[in-house]
Amino acid sequence: MTLQECYVKIGGDYNDILHRFMNENMVRKFVLKFPQDNNMALFEESWTKKNYETAFRAMHTLKGVAINLGFTTLYNASSALTEKLRSQEYDNLDGMIADVKKQYDIVIEAIAALD
């Protein structure tokens, strides 16, 4: 899969990221580093332990990385969850968490399929 096809699959903004990073090799370099980011795992661990402050920070960071890399769909899902956590609304978030996890998994799978 090409990098542009990857961005289509994940619901990302390829043209924007290409414009901001100036060339595809630079985009690819940072996209390939994304799977090493541990914020999703940190969020899940913190959420399970009801450590809501750390869960918020991890989700907020994931949101920032997603927007910086042009992962629009993941950004939208993580942003919505971040705002709930910021407001200290911790009940009934299972659907939002599942959506973030789903979008995250789509990104990870697409990156793994890059040429």
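Just so it is clear, glycine is given a Cβ too, placed from its N, Cα and C backbone atoms.
Copied over from TrEMBL, here are the features:
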DOMAIN    19-115  domain 'HPt'
MOD_RES   H60  phosphohistidine
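Less than 8 angstroms from the CB of H60 (phosphohistidine) sit T82, L85, R86, each of them six or more residues away in the same chain. Taken residue by residue with DSSP, H60 (phosphohistidine) is part of a helix. Summarised by DSSP class, the composition of the domain 'HPt' (19-115) is 77 helix, 0 strand, 20 coil.
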